C-alpha cells in the first residue's frame with residue numbers, strides 16, 4: 001500500500017516560521033519519522049510539499065488515479081480553496097483522506113476556524129503538533145488493513 005502525504009504552502013518553513021505556534025521540528029524531521037513508521041507498519045509513503053495549489057491538485061489527481069489514500073496538511077489553503085476541496089472529493093469517494101493541522105486552528109484567529117476540507121475528510125487531526133501526521137498514518141493503515 002502507498003500513502004500519499006501532502007503539505008501545502010509554508011510548511012517547508014517548519015522549524016523556522018513561528019516556532020511558538022508550530023514548534024522547532026522541521027518538515028525533513030517529520031518526513032524522516034514518517035518513513036521510519038511506514039517501514040514498521042509495512043507501507044510505503046510518498047511525502048511531497050508545495051507552495052502552489054495547482055501542484056497539490058495534480059498530486060491529488062495522481063493519488064486518486066492510483067487509489068491511494070492521502071494525508072494532507074493544506075496550510076492556509078484549508079480556509080480558502082474550493083479547488084483543493086473539489087480535487088479531494090475524488091479521494092473522499094475512494095480511499096479517503098485525513099486532514100492534519102499542527103496547531104489547533106479552532107483556537108487561533110477567527111478566519112482559521114473554517115475548513116473547506118473537513119466536511120469531506122475521513123477525519124481531522126488538529127492541535128497535536130507534528131505527531132498528528134503519525135497518528136493519521138497509523139489510522140490509515142489500520143483501516144485499510146481491516
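Note that Cβ sites are derived from N, Cα and C of the backbone, with glycine treated the same way.
What Swiss-Prot lists as active site, proton acceptor is 22.
Sequence annotations record features per position, and here Swiss-Prot assigns active site, proton donor to 101. Reduced to three states, the DSSP call for residue 101 (active site, proton donor) is strand. Cβ neighbours of residue 101 (active site, proton donor) (same chain, under 8 Å, six or more residues apart in sequence): 73, 78, 124, 125, 126, 127, 132.
The substrate binding site annotation in Swiss-Prot covers 73, 79, 86, 102, 103, 112 and rests on sequence analysis. For residue 103 (substrate binding site), the Cβ neighbour count at a 10 Å cut-off comes to 17, with all displayed protein chains included.
In sequence order, 10 are the residues near residue 17 (site 'Transition state stabilizer'), counting only same-chain partners six or more apart with C-beta under 8 A. Sequence annotations record features per position, and here Swiss-Prot assigns site 'Transition state stabilizer' to 17 based on sequence analysis.
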Once the DSSP letters are reduced so that anything not helix or strand counts as coil, what is residue 73 (substrate binding site)?
strand
Cβ neighbours of residue 73 (substrate binding site) where a neighbour is any other Cβ within 10 Å:
26
